[in-house]
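Here the structure comes first, spelled out in structure tokens, and everything after it is commentary.
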Amino acid sequence: MMPTQRLAEADPQIAKLIREETRRQAEGLELIASENFVSPAVLEALGSTLTNKYAEGYPGKRYYGGCEVVDQVEQLAIDRAKQLFGADHANVQPHAGSQANMAAYFALAKPGDTVLAMSLNFGGHLTHGSPVNFSGKLFKIVPYGLRQSDETIDMDEVARLAREHRPRILMVGASAYSRTLHFDRFAEIANEVGAAMVVDMAHIAGLVAAGLHPSPVPHSEIVTTTTHKTLRGPRGGMILCREAHAKTLNSQIFPGIQGGPLEHVIAAKAVAFGEALRPEFKAYQRRIVENAQVLAEGLKSAGLRLVSGGTDNHLMLVDLRPKKLTGKIAEEALGRAGITVNKNMIPWDPEKPMTTSGIRVGTPALTTRGMGSREMTLVAALIGRVLDAPADEQVLARVRGEVKDLCAHFPMYADRV
């Protein structure tokens, strides 16, 4: 017999922890650049009965019966994704961005082939060739980095390395890079050396959808992304590609990497894509960028140095070396003050990855709450006060009180706290 108790009765420990996490999100300033807050509609889809359905295969071609409804759900997600990004084909089944990237690699290259990708030490991602990740273990990785003069991607170096190593794949994308990615220039280099270009736009997908960052779709063989971050959907992945790669990519996801898709998550993706197709989503993305620029200027006014001097997108990297702080110390101090960031390697970082010399800061989540330029100026000042006295518990307590007061003016998930 099916248990009929609600969560609070069936498992009070988990129910209590969920309430605590919801309260933490509601009462603190979320500045992790890869995090965002989904809408109640997305949450509703995630918690739906679609979680019960197994649906190996693709719409119209399933290995299980009873898929007539989830076929419609998944097709809606596919159609909305294609419309949102102007793509020939979309696969919405990847459980995460890592699986999307794995499928892209396997569709275009063989183990041992050369991949030219941005170094994790300069803002890339684990799946772009880190030796501890499958990508670094299966492929020969040639990393590219930044110019020391302005801390932006050294396109001359990318071209030189491409000509020297003739990679099978040129991977473009980053997890901690605050400047515009010029996909047309990367495509020129890829075409010159006969490489297939793959773009991981996980961080900037929302900006791309809103036309606030150049789109990689016209220039790339394959584009991968997560569906959260700036896109403000559920945690998950997606692949966009040219029609010529559709069959191969689909087979790499299923049966190559994954089994049954998570149809409740796919439904939530469809809801988020529908939200992103509305005019107000473009206005939201504009506010993300505007808020990031105001926050960046405020942090500089507080005496902090930003990598590359600022931002073109939703995030910025703060170099803490002039403050004689590590990212670990800054993350912990800000956390005690109710401000959540993540420690992050900066270019040419002398510290270890679990210590770092920087923090990464982003504006998507605070923008979702409705905060604007005025609040960004205040947030920058609060961060500055904490980093000026990271060991002073009185300062941290005062800032935490101000953070809680600020958040109270921008309530979130009020019915769930």
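From the backbone N, Cα and C atoms, a Cβ is placed for every residue, glycine too.
Taken from Swiss-Prot, the feature (6S)-5,6,7,8-tetrahydrofolate binding site applies to Leu120, Gly124, His125, Leu126. According to Swiss-Prot, the site 'Plays an important role in substrate specificity' annotation covers His228. For Lys229, the entry in Swiss-Prot reads N6-(pyridoxal phosphate)lysine, with the evidence type sequence analysis.
Sequence features, as recorded in Swiss-Prot, placed on the structure.
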| residue | record | DSSP (3 states) |
| --- | --- | --- |
| Leu120 | (6S)-5,6,7,8-tetrahydrofolate binding site | helix |
| His125 | (6S)-5,6,7,8-tetrahydrofolate binding site | coil |
| His228 | site 'Plays an important role in substrate specificity' | coil |
Most Cβ neighbours inside 10 Å, all chains, among the binding-site residues Leu120, Leu126: Leu120
CB within-chain contacts under 8 A for His228 (site 'Plays an important role in substrate specificity'), separation at least 6: Ser34, Glu35, Asn36, Val38, Pro234, Arg235, Gly236
Nonlocal residues around the residue listed as 'N6-(pyridoxal phosphate)lysine', in sequence order (Cβ under 8 Å, 6 or more apart): Ala33, Ser34, Glu35, Asn36, Ala202, His203, Ala205, Gly206, Pro364
Additional residues around (6S)-5,6,7,8-tetrahydrofolate, ordered along the sequence, whose Cβ is within 8 Å of the centroid of Leu120, Gly124, His125, Leu126: Ala117, Met118, Ser119, Thr127, His128, Gly129, Ser130, Asn133, Ser175
Residues satisfying Cβ distance under 8 Å from Gly124 ((6S)-5,6,7,8-tetrahydrofolate binding site), sequence separation of at least 6: Ala117, Met118, Ser130, Pro143, Gly173, Ala174, Ser175
Under 8 Å by Cβ from His125 ((6S)-5,6,7,8-tetrahydrofolate binding site), counting only residues of that chain that are 6 or more apart: Asn101, Met118, Gly173, Ala174, Ser175, Asp200, Ala202
